[in-house]
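Asks: Please see the structure below; I have some questions.
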Amino acid sequence: MDSSDYSTGPAPGLLRRRPEIVLIPLLFVLIIGSWHGVVKGLAIPDYVIPAPGQVATAFWSGVTSGSYLAHAAYTLSEALLGFFIAAFLGTLFGTLIAQSRIIERTLYPYLIVIQTTPKIAIAPLLIIWFGFGITSKIFIAATVAFFPILVNVIAGLRSIDAEKIELMRSLKATKWQTFRMARLPSALPTIFAGLKVAIVFSILGAIVGEFVGSKVGLGNLILQANVNLDTAGIFGVLVCLAIMGITLHLVMEWLQRRLVFWTASARSGDY
Amino acid sequence: MPAAVKLMPRPAEAARTPIIQLQEIEKVYAARDGNPVQALAPVSLEIGTGEFLTIVGPSGCGKSTMLRLVAGLIPRTRGRLLMRRQEISGPQRDMGIVFQTPVLFPWRTVLDNVLLPAEVLRLPPAKSRARALELLEIVGLSDFAAKYPFELSGGMQQRVAIARSLVHEPSVVLMDEPFGALDAMTRDTMNLEIMRIWREAGTTILFVTHSIPEAVFLGERVVVMTPRPGRIAEVIDVELPAQRDIDIVNTDRFGVYVRQIRAHFNAKGLD
Ligand SMILES: Nc1ncnc2c1ncn2[C@@H]1O[C@H](COP(=O)(O)OP(=O)(O)O)[C@@H](O)[C@H]1O
Ligand SMILES: [Mg+2]
């Protein structure tokens, strides 16, 4: 589990075991360098593709002016509130549906239809119903995040091996005991996979909601920059969104490693 | 007859009170393809209190079916099943079960896995905990109480499963090829261990195996089963010393029992 047991010396051992520590920044420098080279070499105008330096400047001014913080806080609240609502409802309905084959089979075609329909398409409707404020964005984020959670909760609760159920049955466990002690923990790894997808989806939902109609948020910031042909500004917001996405992803991974520590992937640290 | 061999102090058949009685029990599975499978022809069997009874037969002869019937995990098609002369149906809290695979809950520590039956049956926690630790001591896993199943070898995991089957102090323990997945050497060790546990705990053990030597080595009586449909061909009293070690498999008397059992399968063109 702990590969540090094999280290022989300090620096060389570390590099040999984890060459990516050097390779990741190296690739970053390479990408930024060639980006700069292409933009300058082909004399591409700023409003089409800005140079990395301009993006950095735009990003930095967004950070120092406090504009990113205010807008990101807004977008993040929309996304997280939507995510929590989706997590709650997805787990609740997933659990109810998983209780009965008949309910599952009856709802299955509807779930497939809803799942294959791009939920984003109802964003304009939700804006009409819930206005330009935060409510409509939370609804959109919750809608897109709901299905990956629902589907994974159902799949997870179904995935338990028959022997565990048989063991619980041999002990005359109640339905609730079997759910709490066996089904739910068995389902957690699958549920977590759904939550990881859902949290990314919820940001997506919030941004799309802001595109369709809003006064604040990172999506709104992108629209403003777009109107002004401030392409570097758009890229700056994208960097901000990337940082937000990565942070949420890392939080989820951290939670996963702690809550479903027994899976092979959690133990090896690979995802 | 080697007169020097001290015979096991085994109560005469009639003197021993039966704890479990199978009376003309029959099992027909309603198979998916429409053709019902007669897994068990009417079988009758009495299991004495405190007895170590082994059931041996080729794969598909209905051993697991018989065990699962006794465990109350599947309904019988016909016949009566008695425990302490009372007709029973469904699982009993007074039974423990060990499957071919350990069926441990990976999110629970070794100790918490052993405690599972006590939790389900809502036994006093402090007393159960003491009992669980005592059982871990008996199966030689005291140092592993706080470890998780994935940190243990297959043999160790199966020993946890055995400790778990005993924690609620059942009168009867059912074991379905518990060592089938283990290598030969681990298996020998486990066989010695299970005999020691049986002598110390005084439980009635019903032990299913497809290994003839294992059946003879462990059993006070061996139930020989033949397939299509599953039926009891012979019940053999094994008169070997109570304190057996692995070397006993090389004795003439042991060989006689093995050949006696094997004859049933050779005659049917099996084995
Ligand atoms: N759930 C089931 N449905 C239909 N047939 C079954 C089922 N379980 C077992 N059988 C059949 O019953 C027979 C006995 O099976 P089993 O009791 O598992 O034998 P053993 O444990 O001795 O290998 C086999 O022919 C098997 O195919
Ligand atoms: Mg079997």
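Cβ from N, Cα, C; glycine included.
All annotation found in TrEMBL is predicted automatically rather than curated by experts.
Here the structure is a predicted model, which means the values were calculated and not measured.
Checked TrEMBL, it gives:
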{"type": "DOMAIN", "residues": "A:72-256", "note": "domain 'ABC transmembrane type-1'"}
{"type": "TRANSMEM", "residues": "A:21-38", "note": "transmembrane segment"}
{"type": "TRANSMEM", "residues": "A:79-98", "note": "transmembrane segment"}
{"type": "TRANSMEM", "residues": "A:110-132", "note": "transmembrane segment"}
{"type": "TRANSMEM", "residues": "A:138-160", "note": "transmembrane segment"}
{"type": "TRANSMEM", "residues": "A:187-212", "note": "transmembrane segment"}
{"type": "TRANSMEM", "residues": "A:232-252", "note": "transmembrane segment"}
Asks: Quick check: do the transmembrane segment (A:187-212) and the transmembrane segment (A:21-38) share at least 3 Cβ pairs under 8 Å, counting only pairs 6+ apart in sequence?
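Replies: No, the transmembrane segment (A:187-212) does not contact the transmembrane segment (A:21-38).
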Asks: If I count Cβ-Cβ pairs under 8 A between the transmembrane segment (A:138-160) and each of A:21-38, A:79-98, A:110-132, A:232-252, which range comes out on top?
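Replies: Looking at each of A:21-38, A:79-98, A:110-132, A:232-252 in turn, the most contacts to the transmembrane segment (A:138-160) are made by A:79-98.
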Asks: Which residues, given as numbers and ranges, are at least 6 beyond the ends of the transmembrane segment (A:110-132) yet have a Cβ under 8 Å from it?
Replies: 139-140, 143-144, 147, 150-151, 204-205, 208-209, 211-215
